[in-house]
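Below is one structure, written out as structure tokens; comments come after it.
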There are 2 protein chains.
Amino acid sequence: MTTAHTLGTLGEQAVLARIFPRLPHAASAIIGPGDDAAVLATPDGRTVVTTDMMVHGPDFRLAWSSPYDLGWKAAATNLADVAAMGAAPTALVVALAVPVDTPVDALERFADGLRDACDALAPSCGVVGGDLSVTDTMTIAVTAFGDLAGAAPVLRSGARPGDVVAVAGDLALAAAGIRLLFAEAVDAHGMPDADAAARLAERHPEELRAQLRPSPPITLGVVAARAGATAMLDVSDGLALDARRIARASGVALDLRLADVGSPEALEGGEAHALLATFPPEGALPEGFRPIGLVVEGESVLVDGEPYARLGGWDPYADWNGARG
Amino acid sequence: MTTAHTLGTLGEQAVLARIFPRLPHAASAIIGPGDDAAVLATPDGRTVVTTDMMVHGPDFRLAWSSPYDLGWKAAATNLADVAAMGAAPTALVVALAVPVDTPVDALERFADGLRDACDALAPSCGVVGGDLSVTDTMTIAVTAFGDLAGAAPVLRSGARPGDVVAVAGDLALAAAGIRLLFAEAVDAHGMPDADAAARLAERHPEELRAQLRPSPPITLGVVAARAGATAMLDVSDGLALDARRIARASGVALDLRLADVGSPEALEGGEAHALLATFPPEGALPEGFRPIGLVVEGESVLVDGEPYARLGGWDPYADWNGARG
């Protein structure tokens, strides 16, 4: 009989000694984990910085996401924010709070997910520091850094009438995944259920992978910047909602073609972390981007020329309902 | 009769619109909050990066800390980690998760605490980005950045036999504060109690301020580096425990003089965020530092020449007891 080590039985130094070797190495690390702070090479003289928090309940359920999935997704979503500025990800710092009885094995799987996501999506990026805490509500906070390599950052505010609206990455699968999970990966009381999720994953592997372990087109962020993208963001709350953010910041309207978007689900799908960008009308779109609309005068989102009145995505406060499990 | 707005009733955009104007401005911000990521000036070509998470329960109690206190402390503790590398703090990103029924006023007070701590401790530092989430367990994750201005970072690993061990900042007050809170700011069942904490604060204002709203000597980090500090950290878990970290990383022993440390409580006090540093024996200590011991051969912590066997501070996993409220 073996006893699994937990955070509470092993103590801080021993836990960190098991996790550090699994973390992905950052090519930019001058001083990595282990001191009061890391030191990161930022040869451009500017650094792109973004942070995002994932909370058990509103952002993930342990019945549906493995620790490996969570490490992967925490990395991928932050890498997408760096890419959406037109930068190449260089490093992550990761703060993680878990219940004190969490097996150390689970933390190792989480680190493996961070490593594999960096290896797959942004190979020179790695983890340069972090923090590990105890909590009743598992919470993950990742801060990601990026290198603009001399280029101007691509903001949300640069779209101009006449620009082409284009997207790279899938819009609908992640949304289908969360819809399927809420509909079918629950028990008789509507609570998230791991066995039902495992059965669902056999029938809908692509949808669940897109939701639980997304692979945004990270390298296309720099590609879009080099191609002259005038505005860009990653679609994290829903295409229409995020398109409206570009519209407002730029003082324009984005007119989307439903036929090119693909489906009403794609129009409101969140968490896909596709890159939504606008490009000048002259010149071809860079490989990986497909056109889905046009920038026109106005200050809103249109679909096939008609104002789109729905929110078009997920509001993390107004839409949160703890009773859903 | 007025109804206080909460996160749940106001929605994300409206909440952020109320918080952004209160955040401290960072002189280093090229692009501040509001896009996918911020862009930070890092003219040195290197950036110091540190992250820290504070969780309701193990790290703070809302019965004892006001939202203002929490904003202040979250900034101060991360600024101390930057200072402990010998760097000047340049920016913060702040991820905050709070219950959905949290009044927006409380978030404004939190932002005020961040601002006032930056203004008081590191005036050119400000908030360049963040994230706001909902949770059942209030959690704060801050990532801080610093500028080495051409100097080498001061690590934990550079202490050499013969160096002077010195400290800047108070060692005992914050520890006395948490001891007093657990002893006297509780109700008949031993649970944290706000009224009792308010009465305690009238009798022991310095101890409670040191614990709940600490003012580490941030500017002395750069001063120590310029004076040739060979190793440095901020005392966050207890003097003896943190001294042992320098000893292990440097392959030396730190022999502390109890008379100069001040008291057994100062020897084990955590969360004071004093700067503990070692300096070459030649040359005077920089102003603000006082000698408390010597670096000698070995690999441990001694007190008045005798090995110190106690842990000497706080282990965040092994010592966490949720039943304490």
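Just so you know, glycine gets a Cβ as well, placed from its N, Cα and C.
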Candidate sharing the Mg(2+) 3 site with B:Asp36, B:Asp81 (per TrEMBL), from B:Asp193, B:Asp195, B:Asp234, B:Asp237: B:Asp234
Inter-residue C-alpha distance, B:Asp52 (Mg(2+) 1 binding site) and B:Ser236 (ATP binding site) (nearest angstrom): 11
So if I measure Cβ to Cβ from B:Asp131 (Mg(2+) 1 binding site) and keep only same-chain residues at least 6 apart in sequence, which ones fall under 8 Å? B:Val94, B:Ala95, B:Leu96
Composition by DSSP (helix, strand, coil) of residues within the domain 'PurM-like N-terminal' (B:34-146): 35 helix, 46 strand, 32 coil
Between the binding-site residues B:Asp36, B:Asp81, B:Glu271, where is the Cβ count within 10 Å the lowest? B:Glu271
Mean pLDDT across the domain 'PurM-like N-terminal' (B:34-146), rounded to an integer, is what? 97
The number of other Cβ atoms within 10 Å of the Cβ of B:Asp237 (Mg(2+) 5 binding site), counted over all protein chains shown, is 23
Out of the binding-site residues B:Asp59, B:Asp81, B:Asp234, B:Asp237, B:Glu271, give me the one sitting nearest to B:Thr50 (Mg(2+) 4 binding site) by CA distance. B:Asp81
Cβ neighbour count (10 Å, all chains) around B:Asp52 (Mg(2+) 1 binding site) is 24
Inter-residue Cα distance where the pair is B:Asp59 (substrate binding site) and B:Gly130 (ATP binding site), in Å: 20
